[in-house]
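Visitor: Residues or ranges marked as Na(+) binding site by Swiss-Prot on the basis of similarity to another entry: Glu40, Gly45, Ser441. The Fe(II)-heme a binding site annotation in Swiss-Prot covers His61, His378. Feature annotation from Swiss-Prot assigns Cu cation binding site to His240, His290, His291; the stated evidence is similarity to another entry. The annotation O2 binding site is assigned in Swiss-Prot to Tyr244. Feature annotation from Swiss-Prot assigns heme a3 binding site to His376. Taken from Swiss-Prot, the feature topological domain 'Mitochondrial matrix' covers 1-11, 87-94, 171-182, 262-269, 328-335, 401-406, 479-518, and the record attributes it to similarity to another entry. Summarising the annotation, Swiss-Prot assigns topological domain 'Mitochondrial intermembrane' to 41-50, 118-140, 213-227, 287-298, 358-370, 434-446 and lists similarity to another entry as the type of evidence. Feature annotation from Swiss-Prot assigns transmembrane segment to 12-40, 51-86, 95-117, 141-170, 183-212, 228-261, 270-286, 299-327, 336-357, 371-400, 407-433, 447-478.
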Amino acid sequence: MTITRWLFSTNHKDIGTLDLIFGAWAGMVGTALSLLIRAELGQPGALMGDDQIYNVVGTAHAFVMIFFMVMPIMIGGFGNWLVPLMIGAPDMAFPRMNNMSFWLLPPSLLLLLTSSAVEAGVGTGWTVYPPLGGNLAHAGASVDLAIFSLHLVGVSSILGAINFITTIINMKPPSTSQYQTPLFVWSVLVTAVLLLLSLPVLAAGITMLLTDRNLNTTFFDPAGGGDPILYQHLFWFFGHPEVYILILPGFGMVSHIVAYYSGKNEPFGYMGMVWAMMAIGLLGFIVWAHHMFTVGMDVDTRAYFTSATMIIAIPTGVKVFSWLATLHGGAIKWETPMLWALGFIFLLTVGGLTGIILANSSLDIMLHDTYYVVAHFHYVLSMGAVLAIMGGLVHWFPLFPGYTLHPTWTKIHFGVMFIGVNLTFSPQHFLGLAGMPRRYSDYPDAYTLWNSLSSIGSMISLTAVIMFLFILWEAFAAKREVQTVELTHTNVEWLHGCPPPYHTYEEPAFVQSPQARE
């Protein structure tokens, strides 16, 4: 029974649970790697050895956190669990493909970890730029293993994206318009479209790199008429939509949390929120070269990418102000998910402001590859995506096993985590402005103060992670069952009770229009 249920599962709730557990495990691996980085940088001088091993750790940290923590939890975990419940579908459109989507992840993670363990590891950074990622600078199997790992996780995400798009468009009740689906469903839909359009380009780029390394092609080798800049264009055409893939489901979750704990039936400006997400998704594809301001592009090209990047701030601002408007006049309940959501809104805004600064190509020439960039994207990832995941987890946890997390412990956990991530990443802005470059294992003594503070912050974040494991254990040990859930008519995922039955909506849901009700 256990093998058929968990290995051959075709149930969206079970596969979502597998994704959540896998993501939690990968998150701990990624956290361990990040602590190695911060231990190395806690004071001047070498700890682990040379820059190669340092960069192997940094590269693995990025890949693990992006592809095996954030995406499986947000899209695989919350997406699988909530989308069918929110649209009244009995399951996903392709349940077996859903299972395959998950089971491609563990072998992919194994390949990635193997790539770090053989030869000298992948010391290229997560971008794997040639010629550093080529077979001269990185001889041996490491980079090839990492490329295969990316192929698998890419196939997994593409299959998942096809599944979500089909499910959301085709499996709503017949009378329901797309504009009646909850915002989280919209966010997963936009995310899935981004995945479907961007991942094939990454696959093309890394496949060309694979043949350059092993079959003597010269796609990225000027000696044979190739161009390493081509790889950068292909990579960032995927890489920029990818960062929006990481944050969009978080937008959807935060919209639900803010509305719920403000006692509102719906978020402020539903249509504006939907169109903002679609605008972010579209604009995300036409700004990729802002990662390449230092490779020698024409001034008019730089002007375009600067302007286009700044325009993304407009729909993002629409979302931030709509969340604030949702709070306005609400009967606010200061429960833990609301704290995570408010932290998310504030820190996403800070990360967005540093993003506007980096969008200026003239400024970016100076700030590119400094810790300012690291601070910027960790504000939107380590404090945007992660705070959204934590808020979603605390909010929807009662739905998954049917038990409630401890209200006081989760608030303390929020406080510790919030202090930890801010102490880790705010000093990095000053390091970047002072010119400290990224991807070096050592630094001049002048940078010691901010680095030591940053490393102390990372230790505080570690205590928060351990505390959260205790909170999860406590919930399963105490077995506090859910009593009642408020506002179920606008939060239909709760309608079937906590936890919901194994099969929900076994016959098509009947949706009555608001007009008919009056």
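Cβ atoms here come from the backbone N, Cα and C positions, even for glycine.
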Visitor: If you count every Cβ pair below 8 Å, which range out of 12-40, 141-170, 228-261 shares the most with the transmembrane segment (371-400)?
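Guide: Most contacts with the transmembrane segment (371-400): 228-261.
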Visitor: State the non-local partners of the topological domain 'Mitochondrial matrix' (87-94) in its own chain: residues 6+ outside its ends, Cβ under 8 Å from one of its Cβ atoms.
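Guide: Residues 10-12, 80, 162-164, 166-168, 170-173, 176, 181, 185, 492, 503-506, 508-509, 511 contact the topological domain 'Mitochondrial matrix' (87-94) from elsewhere in the chain.
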Visitor: At the Cα level, what's the spacing in Å between His61 (Fe(II)-heme a binding site) and Glu40 (Na(+) binding site), rounded?
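Guide: Rounded to the nearest whole number, the Cα-Cα distance is 14 Å.
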Visitor: What is the set of residues, excluding Glu40, Gly45, Ser441, whose C-beta falls within 8 angstroms of the centroid of the C-beta atoms at the Na(+) site?
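Guide: Once Glu40, Gly45, Ser441 are set aside, the remaining close residues are Leu41, Pro44, Ala46, Leu47, Met48, Tyr54, Asp442.
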Visitor: Taking only same-chain residues 6+ apart in sequence, whose CB is under 8 Å from that of His240 (Cu cation binding site), what do you get?
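Guide: In sequence order, the residues whose Cβ lies under 8 Å from that of His240 (Cu cation binding site) (at least 6 apart) are Gly284, Phe285, Val287, Trp288, His290, His291.
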Visitor: Note down the number of other Cβ atoms within 10 Å of the Cβ of His291 (Cu cation binding site), including every protein chain shown.
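Guide: By my count, 21.
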Visitor: Hey, how far is Gly45 (Na(+) binding site) from His378 (Fe(II)-heme a binding site), Cα to Cα, in Å?
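Guide: Between the alpha carbons of Gly45 (Na(+) binding site) and His378 (Fe(II)-heme a binding site) there are 24 Å.
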Visitor: Please work out the mean pLDDT for the residues of the topological domain 'Mitochondrial matrix' (328-335).
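Guide: The answer is 97, the mean pLDDT of the model over that range.
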